[in-house]
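Here Swiss-Prot flags 8-28, 95-115, 137-157, 167-187, 227-247, 268-288, 314-334, 367-387, 424-444, 460-480, 482-502, 516-536 (among others) as transmembrane segment, drawing on sequence analysis.
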Amino acid sequence: MKQQKPKISFIAAMLIVIGSSIGAGIFFKSSTVLENSQASLVLAIFNWLVASVAVIAMALALIEIASVRNDNLSIISWVKVFNRRWLYHGCKNFMTYLYLPLTFFFMPLYFICSIQDGFRGLLGLETGAHFNTSVDWLIWLALALIITTYFLTIPPLYAKVGNIQNMVVSAVKFIPLVFVPIIGFIVAGTGNGELKNVKALVQPPQINGATASFTQLVQAGYGITRFTGIGAGMGSFISIAAIFFAYDGFYVTAGLQSEMREPKKTPWALFLGLLITTLFYLILAVALSINGGLFSGMEESMGKLFNNKRAGQIVFGVVNLMIGIGVLGIINGFALWAPRFVEDLLAQGDLPFWKQVQGRLNPNKPVVGVIYCLVLSLTVQVLFTVIGALAYLPTVADYKNYVNTEIDKLNSMQWLYSFSDLMATWTSLFTFAFIACAIFGAIVNRKTKKITIANPKRYFLPAAWIAVVVNCISVFVTIIEPFINLFLLFGYDETVAHTVLGNDFIELNELVIGRVMLIVVLVFFAIISFLPVYVEDQYHKRKFGSLANYQQYVQQHLAHSTING
């Protein structure tokens, strides 16, 4: 039988890179980057450039790393090959028990948030569209569960449907990416935007029109990123970590080399694809930044531009619906992969119930993987929605318009959206931390040569070091920030905070809970990722005498299942 030739051309590969790395993430992170850059347009652009260089460097480094294994495990596989066993199991636990279900927790919520904005514009409402009940969160939960169930069943089991959905979404999601920069520059250029609130350079923080002192900022309860000097520096690296979220998914393309007609051109396809994505992001980031950082802030500005408030609302609504469709594209892409990586882990004996499903696994129709994903995702989705809507106190002011506070006294949707942001923050950070671990392990392997690299790349080491250094500093700064901010609350003065913040005043207990929760979730993620490794090892040592004996038992069982299958 003739061996099938790889079919992906250079242009097609470049388009795959662009399609997998560009998406709706920028609309959710642009304002965060501007805020952490202390409203400095120059610093915000610089942060986007540094993050983009780091992402391109990661992609180039991953070409060599991905060439070692050909499976559906992606990051998990790379960590397994180039790092220690405990780190592999930590990565596996994170991707299975946290990344997978939490993606189906907060991504449907981001879609719902976008359609609330969309219908707000289309219907001419003053606040986000809601059902005007005290249990709106339950109604939205029902929709979120339908989204998760659909995307975790139809696309994985009927790949053709998933591919068609990808094409449709790709066509739709590029419309906002082109339209928003154009309208953003026009709005700002005609004096209808928020350009006056954005400065070229970092400005010293102001309190009542005067430059604030360190003591005043501490007393008012500000976080470290609002401080002059060190605040801007830390804010830059936190911004870079946030920007990584906008590129999430680019690493899937690192395995393209084996599918290309001309494998030697893979680096150029990755480089040019990510470069085009970066240009899109930079232009869009500038357009959003000069209008306050959020597209939602442009609704009134577009009304002024068109000299028709209703026209501005309708355009705002249509674009937000398209952004929501872009979010569904992210869900669709992840849903195509998730059941397959779960089945690969089951096939290796690395997930619970692996013995019971041997002989039933099928990468083309991953029914077992689908069931596994549904049980995990739907359980977490319901549990975390209840916690977020009813028990999470700290709130993000931007979400106050997504619930009728006169009917829903708990502000449940504001709480829920704020809680989903908290989950998304650490989920993205852990993902890129594990990528950095895999790349660093590959750097070490260049010296030890424990893993044979068939085709070493000359550009690997410089790209790998850039990726690791930028990634590690960003992760480290993002981790220590909530600890510093919590410590700063010892200097909080309620009287000063009231005077400085006015209507934006936040109670001390809410500040404490918000900053403590960031740390609690970080610790929770670490425990869920790494504690099971220790517990399982102790159990297997006790039952089988040693880990080596257990691994031998697994291999014998898998071999027996293969023979019988």
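Cβ atoms here come from the backbone N, Cα and C positions, even for glycine.
Residues 50-51, 53-54, 56-58, 60-61, 63-64, 234, 237-238, 240-241, 244, 425, 429, 432-433, 435-436, 439-440, 442-443, 446, 522 of the same chain lie 6 or more positions beyond the ends of the transmembrane segment (460-480) yet place their CB under 8 Å from a CB of it. Looking at 95-115, 268-288, 367-387, 424-444, the range that has the most CB pairs within less than 8 A of the transmembrane segment (137-157) turns out to be 367-387. Of the ranges 95-115, 367-387, 424-444, 482-502, 516-536, the one with the most Cβ pairs under 8 Å to the transmembrane segment (227-247) is 424-444. Ranked by Cβ pairs under 8 Å to the transmembrane segment (95-115), the stretches 8-28, 167-187, 268-288 are led by 8-28. The listed stretches are 8-28, 268-288, 314-334, 424-444, 516-536; of these, 314-334 has the most Cβ pairs under 8 Å to the transmembrane segment (167-187).
Within its own chain, the transmembrane segment (314-334) is flanked in space by residues 20, 23-25, 27, 103-104, 107-108, 110-111, 114-115, 117-123, 147, 151, 155, 162, 165-166, 169-170, 172-173, 175-176, 179-180, 183, 249, 252, 295-296, 298-299, 302, 306, which lie at least six positions past its ends and keep a Cβ under 8 Å from the stretch.
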